[in-house]
Amino acid sequence: MMDVKLKIQQLVNLIKNYDYHYYVLSEPLIDDFEYDMLYKSLQQLEKDHPDLIQIDSPTQRVGGEAVKGFKKLNHNSPMLSLENAFSTKEIANFIDNINFQTNSKNEFVVEPKIDGVSISLTYKNGVLVHALTRGDGSVGEDVLNNVKTIKSIPLTIPFTKTIEIRGEIFVDKKTFLAINNQLEKPFANARNLAAGTIRNLNSEITAQRKLRALFYYIPNGLEESITTQTMVLEQLKQWKFPVSDTIRVFQNKFQLINYLEAFDKKREQLTFNLDGLVIKLNSLLFYQQLGATSKSPRWAIAFKFSPKFVQTKLTAVLITIGRTGRVNYTAKLESVNLDGTKVTAATLHNFDYIKTKDIRINDTVVIYKAGEIIPKVLKVNLEKRKNDTIIIQEQKYCPSCNSKLVKIVDEVDQYCTNETCKERNIQLINYFVSKTAMDINGLNINTITKLYEHNLVRSIVDLYDLKDKKNQVLKLDLKIGDKLFNKLVDNIENSKQKGMARLLTGLGIKHVGNVLAKNLANHFKNIKALQHASLENLISLNDVGITVAESLYNWFHDPNHLQLIEQLELRQVKTDQLPLKINFETNSIYFQKRFLITGSFNISRDQIKDLLSAKFDCQFASEVKPTVDFVIAGNKPTLRKINHAKELNIPIINEAIWT
């Protein structure tokens, strides 16, 4: 038993060290294959000897079952926010004031102000026992299970007293874009994604979203003879907490201010979003003397970067309808350059936003890039308001079908609920044929609009009857000739085999994006089973809360929708999970094998995966591992993957497998 216990301890220490170098230092020490083998060895030992599982084992980070809510706990010391400074003059005054009050020429530490979610960790006897959100500053929610899924955060530290460690949890730019691309309703910015993820009741979802963290504060540091902020940061590093590598220390006020101004210009190069820099007095000995207001400490201040604001004239408001019937208010603007991009429109969200901000046509408005991506109207420059401004009226009726718009309880958005609405149906058909859904190439929004207006395609069902309307289509000014029409029909026919997940995505059910659609397809296996699911059954599923469950339940209990499904099935559109009822090539050497694809091909990766899945019921890997059966190599494959495959004697094949 001692040999097994020692082996487990060695593996835990080894993997923790590899995790630290990979997730904190960004310096991987071994390749993925070696890491996976070590991890699997540890998993097997723990499976065989569950009584020897250690609390800080890397295997204990994976997400668990969903919880009903988070326990609220008091902070040992208040989690205050920082006072903001918007000019270097304010920073200079802050420094001068502290030097005067302390009668010293002090050092100041400059740290990044990460645009994320504040977190306070508590360790007792060296073990992480609580992870509290800021909450109202006095009371926070304990999101411990979610925080444990963040691999850069130590589950244990070599310190036996009770201690708090504070920092920020965030999502980097690349991860934010990748996750948002999978969501039907994307997050407005990375901070919202981090906040929503860390408070998700299902820690499995949190684990999938690759949250990151940086730490910077030990509230009771003086009790442990830590006397400066630089000592705090050094201690955190020794305990293997992730700490920012962009921290600077200054005694000269002018050098510090020059650094702030220079940093603003290079912040775009960072992999994560900042909304400023924090300037802290380095000496903790003066913290108690300086004290704090009810909201902010007096020994630190946040220098906020100048947002990318420009002013222009709002010339009109465009009101459109989305595929779910949601009403979108968009400001039409006089062309203006914003952060290197020509902007002629910006979102106004909804009418409540317009009313609250008192935004009018012909106003001069301030626009900015929210989350550095989407232009938004921030406010009106009232000093430039003239007598020709026109008050924007709330849209009462759908601009497309003239149906009365409705507001759903607890939502600020308006909706057109008429399922025969022209614009709503055009948007739905356009989404149905998109790559995210049924991936029917050859149809764009303009073509769909003309087909709709000529009564050739009025719903997604009509797409599958288009093959019988060749003469009518060719007569339209669509630049579609005989050859293109035949190719379009082939694409439509091929989409029938896409399976339940893509079909469910394309139906445009509110709150159901492609990721949730795949999960539902894997669970229910076919549309009929989903159709007959109870509300309680839906609520119990991962990724499905009450709001989403009600949306699904209501959609599948609408007679019109049931008829839609029936009509699709009559046209041989597959409503089962993809592998079911497919004539797989079961005698092939490729049947139910695992492939890795590398290099470029004449069709997309998604198309390759769809083709091979339909033929061989296969799976796919992103890295070369012993579990990979075949590597498919195209033009300019990744040499590292090819060499690794050769080392493992994995057969390397080409695109002949699907041609």
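Every residue, even glycine, has its Cβ placed from backbone N, Cα and C.
According to Swiss-Prot, the features are:
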| type | residues | note |
| --- | --- | --- |
| BINDING | Asp32, Phe33, Glu34, Tyr35, Asp36, Ser81, Leu82, Glu111, Arg134, Glu168, Lys280, Lys304 | NAD(+) binding site |
| ACT_SITE | Lys113 | active site, N6-AMP-lysine intermediate |
| BINDING | Cys398, Cys401, Cys416, Cys421 | Zn(2+) binding site |
| DOMAIN | 585-655 | domain 'BRCT' |
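Shown here: features listed in Swiss-Prot, placed on the structure.
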residue: Glu34; record: NAD(+) binding site; Cβ within 10 Å: 11
residue: Leu82; record: NAD(+) binding site; Cβ within 10 Å: 18
residue: Lys113; record: active site, N6-AMP-lysine intermediate; Cβ within 10 Å: 20
residue: Arg134; record: NAD(+) binding site; Cβ within 10 Å: 19
residue: Lys280; record: NAD(+) binding site; Cβ within 10 Å: 25
residue: Cys398; record: Zn(2+) binding site; Cβ within 10 Å: 23
residue: Cys401; record: Zn(2+) binding site; Cβ within 10 Å: 16
residue: Cys416; record: Zn(2+) binding site; Cβ within 10 Å: 25
residue: Cys421; record: Zn(2+) binding site; Cβ within 10 Å: 20
Spatial neighbour of Glu34 (NAD(+) binding site) that is closest, considering only the binding-site residues Cys398, Cys401, Cys421 and their CA atoms: Cys421
Pairwise CA distance, Cys421 (Zn(2+) binding site) versus Lys280 (NAD(+) binding site), rounded so that it is a whole Å: 58
Remaining residues near the recorded Zn(2+) site, that is with C-beta within 8 Å of the centroid of the site residues Cys398, Cys401, Cys416, Cys421: Ile321, Gly325, Pro399, Ser400, Asn402, Ser403, Leu405, Asn418, Lys422, Glu423, Arg424
Structural state of Leu82 (NAD(+) binding site), classified by DSSP into three states: coil
DSSP-derived helix, strand and coil totals, residue by residue, for the domain 'BRCT' (585-655): 22 helix, 16 strand, 33 coil
Nearest of the recorded positions (Lys113, Cys398, Cys401, Cys416) to Lys280 (NAD(+) binding site), judged by Cα-Cα distance: Lys113
Top Cα neighbour of Lys113 (active site, N6-AMP-lysine intermediate) in the set of binding-site residues Leu82, Arg134, Cys398, Cys401, Cys416: Leu82
Euclidean distance between Cα atoms of Cys416 (Zn(2+) binding site) and Leu82 (NAD(+) binding site), Å: 43
Conformational class of Cys416 (Zn(2+) binding site) under the three-state DSSP mapping: coil
Confidence summary for the domain 'BRCT' (585-655), mean pLDDT rounded: 83
DSSP three-state assignment (helix, strand or coil) for Cys401 (Zn(2+) binding site): coil
Pairwise Cα distance for Cys401 (Zn(2+) binding site)/Arg134 (NAD(+) binding site) [Å, integer]: 47
Rounded inter-Cα distance in Å - Cys398 (Zn(2+) binding site), Arg134 (NAD(+) binding site): 42
Lys113 (active site, N6-AMP-lysine intermediate) - helix vs strand vs coil (DSSP): strand
